[in-house]
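S.K.: Dropping the structure in here first, questions after.
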Amino acid sequence: MSFIDPYQHIIVEHQYSHKFTVVVLRATKVTKGAFGDMLDTPDPYVELFIATTPDSRKRTRHFNNDINPVWNEAFEFILDPNQGNVLEITLMDANYVMDETLGTATFPVSSMKVGEKKEVPFIFNQVTEMILEMSLEVCSSPDLRFSMALCDQEKAFRQQRKENIKENMRKLLGPKKSEGLYSTRDVPVVAILGSGGGFRAMVGFSGVMKALYESGILDCATYIAGLSGSTWYMSTLYSHPDFPEKGPQEINEELMKNVSHNPLLLLTPQKVKRYVESLWKKKSSGQPVTFTDIFGMLIGETLIHNRMHTTLSSLKEKVSSAQCPLPLFTCLHVKPDVSELMFADWVEFSPYEIGMAKYGTFMAPDLFGSKFFMGTVVKKYEENPLHFLMGVWGSAFSILFNRVLGVSGSHNKGSTMEEELENITAKHIVSNDSSDSDDESQEPKGTEGEDAEREYQNDHQASWVHRMLMALVSDSALFNTREGRAGKVHNFMLGLNLNTSYPLSPLRDFTQESFDDDELDAAVADPDEFERIYEPLDVKSKKIHVVDSGLTFNLPYPLILRPQRGVDLIISFDFSARPSDTSPPFKELLLAEKWAKMNKLPFPKIDPYVFDREGLKECYVFKPKNPDVEKDCPIIIHFVLANINFRKYKSPGVPRETKEEKEIADFDIFDDPESPFSTFNFQYPNQAFKRLHDLMYFNTLNNIDVIKDAMVESIEYRRQNPSRCSVSLSNVEARRFFNKEFLSKPTA
């Protein structure tokens, strides 16, 4: 049965661009002048340039010793019709050292009408005639998807997954507790969340996933969302060729072997050379390269070394029959001069799409990193490998990479790594790239000596390999500066008009008065937190910086709280660092709650004083106080990293008896002076791995009944509230006009 999607009828307005096609047909009587022709026959080629478009410079191949060349080469430019677009045509002569300009002409694109196609002659030096064929059309099918709705692939997945979950949930809960599951409408949407926290989060999440898999809970989940360290485990799991036929148990054993080695062992000359060759290829193609690329390669070599060519879009096969929960990953877009706690756009990644819900703009995964203009790809690159994205998703660790490898000097001797990470802001890690270079040469160069050019590049590459190797194995500036460490990609929203975009979703009334709640004034971590989250992205910047989402708050709730996903039950696992094992565990959850309220998204009230009343527990349940009023508010089961019952029981209900059994479970997580579970520990001996893995495996299994009870409650709520995507046109208009008014305000 198909359902009406109200978000599909909300128009995310955008301006259409023009596609200007130029076919360089031929030229006759190409000349270098009377004297020049006596010395040499021209080797002509044509260069086309439009300054107002990103992929601005294009050129034909050159012909040796040909005064009547026939090229028949077509080139496309994506143009903003509101700009004064002028085509500059340059006839060039290819030489070994420096190419020579034979003549230049211009053509105003505004003289063309949409739908028109014509041949235009150009005369150079009163003798040479060149014929170009030009056409102009509207780009009616952009490469970005502009919509508030989920993509069709995710909708189809959800429908098929509901069918699977209905049977799985009946099996899990038994006939009595699942008697309310009459149809897929009654199936609650369950999401599993994993926090950041480096390898601690990854190892802990591996134990969680094993428990969820073996207990049948995973078969009842629609989504699994990760941030930073948790995304590394999700990437390892979903990229494994034997998953889901082979469960997490076997895959976790492979993971334990992979993380038992020192990451410095990956920095062999042969591997560094291979890394650098790959980065050189990426850089020479016109894509930005940062330290995050290197970090992603190291993470990839550690965790998925035998599948380094895996891409995000290739993970679609893991959900092709809705056999697994849909994996969702995240990073932040940040601005160079603003703290990420004040401003950050959440970017979501799935095997189907990558995009920002705040602006209603999404793209296929293989287009992320390509060069866009006004929603259309102007230069497509190969899809980034999964390990590059793993580096972006966990890029906080590339910032303090010297601490990760233990090669730092005397800097910050009095601070812990956690304290350093706590103090990092976007201003520390993002270079203000004022030049915003397109990496395109604006000067002609020699083209006949292609062998010489290749030799030059090889020499240059070899020297770069040497420098990079020296930098990687020595205490160099590469390690001692944080600036420029953030991931960088081409801005896929370049040239768009954001004046009519929607900040996140038109779920409820979104007027200025709705922001004056006293509860939003209370700071959780910083007085300025989320102060500028309504600001738009800079659509004039050619590149954007993408960083670890944990730098704003360490739980990926924004992915799951999108009302289009209609999540009923959220099971979150928080592996965030705390000052001690007995410290309150709600900081990240409180930040998520505040973010949700500022975006008018339903979220249960988080009472931090439950810690004072009930003490430290393995998990806490937060429900809407009044479900009839707090419509669409999910239930949250929040697991924290705590060693409580695991000390006494080797499995739920089975006490530890021998001295060895008790000793293996007698450990602290944050109070251990040797810090085996530090956020910056990237080597886990087998015992440390097993302790953390088994702890979270136990904690999850020990609370399976809590999860089942919440599922039963969610089924009943679904039956009483079958529609979870109610949107009125008045709400849509209120949000639109609020955004226009906000964006028109002058900044202080």
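For all residues, glycine too, the Cβ spot is worked out from N, Cα and C.
Pasting the feature list from Swiss-Prot:
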type     : residues : note
ACT_SITE : Ser228   : active site, nucleophile
ACT_SITE : Asp548   : active site, proton acceptor
COMPBIAS : 442-458  : compositional bias 'Basic and acidic residues'
CROSSLNK : Lys540   : SUMO2 cross-link
CROSSLNK : Lys605   : SUMO2 cross-link
MOD_RES  : Thr268   : phosphothreonine
S.K.: Have a look at the recorded positions (Ser228, Thr268) and report the one with the fewest Cβ neighbours inside 10 Å.
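M.R.: Among the recorded positions Ser228, Thr268, the sparsest Cβ neighbourhood within 10 Å belongs to Thr268.
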S.K.: If you compare CA-to-CA distances from Ser228 (active site, nucleophile) to each of the recorded positions Thr268, Lys540, Asp548, Lys605, which comes out shortest?
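M.R.: Spatially nearest to Ser228 (active site, nucleophile) by Cα position is Asp548.
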S.K.: Rank aside, I only need the closest one: which of the recorded positions Thr268, Lys540, Lys605 has its C-alpha nearest to that of Asp548 (active site, proton acceptor)?
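M.R.: So, of the listed recorded positions, the one sitting closest to Asp548 (active site, proton acceptor) is Lys540.
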S.K.: Taking the Cβ of each of the recorded sites and counting other Cβ atoms inside 10 Å, which one has the highest number: Lys540, Lys605?
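M.R.: Of the recorded sites Lys540, Lys605, the highest Cβ count within 10 Å belongs to Lys605.
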S.K.: Including all protein chains displayed, how many Cβ atoms other than that of the residue listed as 'active site, proton acceptor' lie within 10 Å of its Cβ?
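M.R.: Result for the residue listed as 'active site, proton acceptor': 32 neighbouring Cβ atoms inside 10 Å.
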S.K.: Would you mind reading off the Cα separation of Lys605 (SUMO2 cross-link) from Lys540 (SUMO2 cross-link), to the nearest angstrom?
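M.R.: With the alpha carbons as reference points, the distance is 39 Å.
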S.K.: Could you measure between Lys540 (SUMO2 cross-link) and Thr268 (phosphothreonine) for me? Cα positions, answer in whole angstrom.
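M.R.: Just about 41 Å between their Cα atoms.
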